Amino acid sequence: MKLTCVVIVAVLLLTACQLITADDSRGTQRHRALRSDTKLSMSTRCKGKGASCRRTSYDCCTGSCRSGKCG
């Protein structure tokens with residue numbers, strides 16, 4: 001009986017700790033833009049440096065389109 005109570009209290013304590021840390025870590029991802037650009041270039045075909053591009057299509061591997069050329 002005592003062991004059962006100890007196990008129940010331990011499980012409740014660990015669950016509470018996980019919920020508290022999950023709320024605290026929301027929105028704290030570092031380098032979010034860098035990570036999404038990396039995923040984009042890995043999942044889609046992208047154009048190399050100097051290729052023609054449009055600013056609205058985001059198809060350059062570098063992520064930047066200046067004056068119609070990937071930079």
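For all residues, glycine too, the Cβ spot is worked out from N, Cα and C.
Per Swiss-Prot, the disulphide partner of C70 among C46, C60 is C60. Disulfide connectivity taken from Swiss-Prot links C65 to one of C46, C53, namely C53. Mapped onto three states, the DSSP output places C61 (disulfide bond) in coil. C46 (disulfide bond) and C60 (disulfide bond) are 5 Å apart (CA-CA, integer value).
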